[in-house]
Structure formats: C-alpha cells, structure tokens
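See below for the structure under consideration.
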Ligand SMILES: Nc1ncnc2c1ncn2[C@@H]1O[C@H](COP(=O)(O)OP(=O)(O)OP(=O)(O)O)[C@@H](O)[C@H]1O
Ligand SMILES: [Mg+2]
C-alpha cells in the first residue's frame with residue numbers, strides 16, 4: 001500500500017475514535033431536543049464535569065494505592081455517571097422546567113447561562129488550568145510497512161470503540177424495548193398526547209436529561225483518558241462539535257446522532273490529514289452552517305414539523 | 001358521573017367557553033354538537049386539564065378534577081380519543097396500545113390488549129405495523145383501542161368519524177355502542193349530528209362557546225333549530 005492510503009487509514013481510525021465520543025455527547029442534545037424542542041447548551045459542561053470527576057476518582061484511587069486498572073476505571077465510570085446525571089437532572093429541574101411553556105428563547109438563554117455558570121464554577125473550585133493524568137492505557141497494534149508508514153490502533157482506541165458500541169446497543173434496546181424508553185419515543189412524537197394517556201411526562205423528560213448526562217459522562221471519561229488533560233473549557237468546543245453532529249445526523253433522531261458523530265469525526269480527521277490541523281474546526285462549523293442552510297433536517301431527521 | 005359547572009376557558013385573551021355546564025351520567029352516551037369553532041374540542045380538552053379552565057369546576061365521580069395536572073386526571077378512569085386521533089405514527093400498534101396502558105399492571109394491561117384486539121380484529125392483523133402507515137380508519141380504531149387500554153369508566157371521543165368512509169363510520173358508531181354496553185360512559189363530540197343524536201341518550205348544542213340547547217337525543221333530532229343548523233334540513 002502507498003504511504004497516502006496507509007495515512008488515510010490511520011486518520012480513519014483516529015476520526016472514528018473521536019467521532020464515537022461526539023456521538024455519545026450528541027445523543028444528549030438530540031434526545032432533549034426531540035422531546036422538548038430545546039437545545040441544552042449546558043450539555044457540553046456535563047461532559048466536562050464527567051471528565052473532571054473521572055480524573056479525580058482515578059487520581060484518588062491511584063494515590064490510595066489501588067493498582068487494578070479495570071477496577072479503577074469501573075469505579076470512575078460509576079461515580080462520573082452518577083454525579084453527571086445528578087447535574088443533568090438538577091439543571092433541568094431548576095433552570096429549564098420552571099420556564100417550560102414560555103417563549104422558546106427563554107430556556108435557551110437559561111441554558112447558556114447555566115453553561116457559563118458551570119464553567120466558572122469548575123474553574124473556581126478546580127483552578128482554570130489544565131489538569132493532566134498520565135496515560136493509563138498504553139500500547140496497541142501496528143501494521144503496515146514500517147519503512148513507508150506504520151498505522152497504529154491503540155488499546156485506548158479499542159476501548160473507546162467498544163465502549164461506545166456497547167452503550168449504543170444498550171441505548172437502542174432501552175429505547176425500543178423498555179416501557180420507559182418507549183414512553184420517551186411517545187413524548188418525542190407528541191408530548192401532549194402522552195400526557196393525555198396519564199403518563200407523567202415530566203418524569204420522562206427528567207429521564208432523558210439523566211440518560212443524556214450519563215452518556216456525556218462516559219464520553220468525558222473516555223476522552224479524558226485519550227487526551228490525558230482536562231480544563232474547565234473543554235465542554236464548550238466538545239459541546240459545539242456534538243451539537244453539530246446531532247444537527248448533521250438530524251436533530252431529534254438517535255441513530256442520526258450516532259451517524260452524525262462518526263461522519264463529523266472522520267471529516268475532521270481527514271481535513272487535518274491534508275490541511276493544517278487548525279482547519280478542522282473551520283470545516284466542522286462550516287459544515288454546520290451548510291447543513292443549517294441546505295438541509296436543516298439533517299441526514300436522518302424528519303423535515304421540521306412546527307412543535308406546538 | 002361527570003359534572004361541568006359554569007366553566008370558562010381562555011386561550012390567552014380569547015375566551016373559548018362561556019359558563020358551560022354539562023352533565024354526563026353513568027352509563028349514558030351524551031353527545032355535544034356544534035359548528036366549527038364552537039368550542040367542542042376546547043370543552044373536551046378542558047375536562048382533561050389541557051388547557052385548564054379559568055373558572056368553574058369539573059368533577060368526575062364526585063371528585064374535583066379541575067385544577068389538577070392532565071396526567072393525574074387521566075389516571076382517574078377517564079380516557080380521550082382526541083381530535084385528529086394523534087396516534088404515535090412512528091410506533092407500532094402494539095407500542096401505541098402499551099402506551100395507553102402505561103400506568104397499569106403489566107398482566108392486567110395484557111388482558112385489556114387481548115380485549116381490544118377482539119373488538120378490532122384489524123388491529124391484530126396490523127399488530128407490528130407502524131401506526132403512521134395505516135389507513136385513517138385503522139388509526140381511528142387504534143386511537144379508540146389505546147383509550148380503552150387504561151380501562152376507563154368514561155371515554156371522551158372528539159369527532160371520531162371525521163374523514164372516514166360511511167362504512168367505517170358505521171363501524172365506529174357500532175363500537176361506541178358496544179363500549180357503552182360494556183359499561184363505559186361515553187361523551188361524544190360530533191359534526192355528524194344525525195348519527196350521533198341517534199345513538200345518544202342526551203345531547204348538548206354548543207354555539208360560540210355557549211351551551212344553547214340541551215335535551216334527549218330524540219328531542220334534539222326533531223328540534224327545528226337543530227335540524228336547520230346541523231341536520232341540513
Ligand atoms: N390553541 C388555541 N389557541 C388559541 N385559540 C384557540 C386554540 N384552540 C382553539 N382556539 C379557538 O377557540 C375556539 C374554539 O375552538 P375549538 O377547537 O374548541 O372548536 P371546535 O368546536 O372543536 O371546532 P371544530 O369543529 O372545527 O373542531 C375557536 O375560535 C378557535 O379558534
Ligand atoms: Mg374540534
């Protein structure tokens with residue numbers, strides 16, 4: 001194989017890795033939008049908080065002398081998911097629910113305020129500088145001709161791929177089979193009708209915030225381990241990327257968020273393969289503008305029916 | 001069973017119901033007729049608390065239901081087949097029905113599903129089909145079946161015959177009578193005044209948000225004003 005094609009394969013692997021985490025975060029945007037027609041701009045901050053909690057737990061357990069990595073990761077996962085979900089639930093309860101039924105812009109402004117608040121709250125309580133964690137999962141496979149170009153696929157990337165795949169399968173089962181998951185779909189089709197069936201839709205809405213936050217926290221753990229650093233501002237850009245992914249796939253559609261995340265990740269990786277890597281954000285957000293202009297319903301979304 | 005006392009309902013500054021009083025007794029079929037925009041749907045929805053009445057009281061089985069949240073009202077033995085059916089188009093027949101019995105015990109809900117499928121064999125044939133791909137008549141049957149899933153003592157039906165072929169309309173009216181025979185009290189909104197009054201024990205006429213006439217189904221059928229306005233005679 002030529003150097004270029006090996007390089008493209010490498011970028012594809014990297015792109016799918018980042019793209020899976022975009023997809024995890026994007027699901028939170030898409031589920032909430034699907035039900036209450038609102039963009040939860042504080043969702044990126046939930047991801048950031050998930051990342052911080054994971055770091056604190058991992059560093060803490062290492063400091064206490066734990067050495068079993070799987071145990072450390074599972075504990076970090078559980079703690080991060082529980083705490084991030086609590087944040088997600090609380091934000092909905094205090095900042096969005098009281099505003100429901102008012103003009104659409106008002107919860108949006110509240111969400112932006114919540115996002116700024118969380119960034120500063122973490123910056124003040126944790127310092128605003130980068131926090132680093134030494135790589136926990138090292139090694140991987142390499143293939144290709146070392147004299148031409150060596151493609152590497154790390155264990156960390158494998159973990160991200162498989163964790164994302166597992167989460168997506170579980171989420172799909174939940175949404176299609178479980179009683180509450182079906183109620184989520186009913187709510188996103190017709191919230192008022194779901195209420196008219198005696199279903200407590202406030203609880204279903206709270207549930208979508210919890211599920212979305214849990215997925216963002218998982219992304220926070222995975223990307224935290226992958227990059228090895230966090231700071232209070234990582235939620236902003238990751239949130240925008242995931243939002244772009246959700247719009248690209250069709251906001252409101254869960255398979256769309258999965259697909260959109262992967263496409264966006266690969267697009268970015270390919271862009272940085274052939275252009276200076278600063279261009280990848282330009283391409284991402286350029287893509288967002290293009291979709292909004294020419295196909296606002298995204299790849300898998302239904303054309304917008306005005307929510308009443 | 002259902003008492004609506006001097007209810008007023010507003011949409012913002014617009015008043016859609018003016019001092020409406022209606023009563024539906026246990027075991028009755030009561031119909032509400034009126035022109036487009038008279039406020040029929042508004043009355044149905046006000047009973048369900050969506051929108052809430054701005055004044056007046058609604059009681060169901062002696063318990064006041066005005067002022068409490070919609071989902072709580074709908075757990076008290078009341079179900080609605082709303083205007084335009086509002087089935088969940090992306091969900092299958094089975095899923096739609098299970099949403100109707102959401103807050104009930106699983107085994108009991110399964111029994112009711114069986115009963116619904118006996119009443120509507122068409123729904124059994126289409127059990128795994130998405131509701132959005134079904135015909136209007138099938139969707140209407142699904143909407144009725146879904147309402148039955150909560151095992152309500154009373155069902156509100158808002159223009160169930162709208163847009164359906166005469167033969168399907170006849171089926172729907174037969175089902176309504178069957179439901180009554182099973183002990184379900186019926187409150188029925190219809191444009192199809194002729195057929196509705198024929199099966200109704202009593203009826204009310206709503207005009208511009210006011211109840212202007214009430215009487216037995218038979219009396220309203222021969223009433224001159226009703227004939228002129230709603231029966232094309
Ligand atoms: N959501 C709403 N916001 C504002 N006004 C409304 C709303 N819904 C209904 N109205 C108004 O309230 C009045 C009564 O409407 P309603 O839908 O209850 O009439 P209806 O008797 O059911 O008519 P139809 O036979 O056409 O279904 C109408 O003037 C209508 O324009
Ligand atoms: Mg109506």
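In case you wondered, yes, glycine gets a Cβ from its N, Cα and C as well.
Here TrEMBL gives transmembrane segment for one range in the set A:51-84, A:255-288: that range is A:51-84.
When the ranges A:204-227, A:228-251 are checked against TrEMBL, the one recorded as transmembrane segment is A:204-227.
Panel annotation: around the transmembrane segment (A:51-84), residues 122, 126, 131, 133, 136-137, 213-214, 216-218, 220-221, 223-225, 230, 234 of the same chain, lying at least six beyond its termini, place a Cβ under 8 Å from a Cβ of the stretch. Long-range contacts of the transmembrane segment (A:204-227) within its own chain (CB-CB distance under 8 A, at least 6 residues past either end) are made by residues 17-18, 21, 24-25, 27-29, 31-32, 35-36, 40, 43-44, 46-55, 73, 76-77, 80-81, 83-85, 87-89, 91-93, 97, 133, 135-137, 156-157, 159-160, 163-164, 167, 171, 174, 180, 183-184, 187, 194, 238. Sequence-distant neighbours of the transmembrane segment (A:12-39) (same chain, 6+ residues past either end, Cβ-Cβ under 8 Å): 46-47, 88, 96, 100, 104, 107-108, 111, 151, 153, 157, 160-161, 164-165, 167-168, 171, 184, 187-188, 191, 204-205, 208-209, 211-213, 215-216, 218-219, 222-223, 226, 238-239, 241-243, 245-246, 249, 251-254, 256-270, 307.
Through the fold, the transmembrane segment (A:105-124) approaches residues 36, 38-42, 44-46, 48-49, 52, 87, 91, 95-96, 99, 232-233, 235-236, 239 of its own chain, all at least 6 residues removed from its boundaries and within a Cβ separation under 8 Å.
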